[in-house]
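These features come from TrEMBL:
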BINDING   His28, Glu115, Asp226  divalent metal cation 1 binding site
BINDING   His152, His177  divalent metal cation 2 binding site
Amino acid sequence: MATVRMIDIAVNFTDGMFKGIYNGKQCHVSDIATVLSRAWTAGVDRIIVTGGSLEESKEALTIAETDARLFCTVGVHPTRCKEFEESGDPDKHFQALLSLAKEGIEKGKVVAIGECGLDYDRLQFCPAEIQKKYFEKQFELAHAMKLPMFLHMRAAAPDFCEIVERNRSRFSAGVAHSFTGSAEDRDKLLSISNMYIGVNGCSLKTAENLDVVRSIPIERMMIETDSPYCGIKNTSAGIKFVKSTWPSKKKEKYDQECIVKDRNEPCLVRQVLEVVAGCKGISEIGQLSRTLYHNTCR
């Protein structure tokens, strides 16, 4: 393995799968420590744990406090934005996010506001109007905390870009994570100053996806797993560029020496790096990893 240093900007450690729970059924022990140890060995040296609701952001901060190399976000995912109104007092809910972000910054752990944005693929969870209202509201958090934004854009590029442009002065920088959009969506995002694009297994599924990723300048890119989701599958167009593999076993036959089949985890961000290098024709993977690392730190 070439020596590389990587930051996985999106890990959902609050997800039940990392506690061994799949669809409500306990299949194995909670194994975040084992998963982390594999990640550090693979060349990951920092991880950002995603918060997608007030409660999840609290849990993400608690997890981030367990290791110096873990950081987190505070924010509300577009599909969960009904929680502002369901709380009975949207302003109080916002203030709770604000004070959590403040606490996390003081602890040196909260590095971005998010995951926030728009998701028009899953309107059954939250209508577009509520998504837009509370996406816009979260720019106030970024502005007050002087933090960059960890963003989600799914099937909503025109509205998303319009809201981001309108609030451009209220945040320092942002990353549209788990990007799966078109070439046109990519170019829209790249036209926004200090906007980066986060690439994971879902960004590398089809030949068309690879064409889109090929033209993201590496100076504007970050890599992630979005684990336990978005792994690179054998059917992915990008699989031909993968060099690093780990033995896997089904969750029912759990073995801590193996990754769990069909559960993505942070060590596999290395495969994302390999596919990006492969599809861009970059042979010097160490140099690529340094550029992406630098983008993320900055």
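Even glycines carry a Cβ here, placed using N, Cα and C.
Rounded to a whole number, the C-alpha distance linking Asp226 (divalent metal cation 1 binding site) with His177 (divalent metal cation 2 binding site) is 9 angstrom.
Considering other CB atoms within 10 Å as the measure, the emptiest surroundings among the binding-site residues Glu115, Asp226 are those of Asp226.
Taking the Cβ of His28 (divalent metal cation 1 binding site) as reference, residues of its chain lying under 8 Å away and at least six apart in sequence are, in sequence order, Gly20, Lys251, Tyr254, Val260. Close to His152 (divalent metal cation 2 binding site) in the fold, though at least 6 residues off in sequence, lie His77, Pro78, Gly114, Glu115, Cys116, Gly117, Leu118, Asp119, Ala176, His177, Ser178, each with a CB less than 8 Å from its CB.
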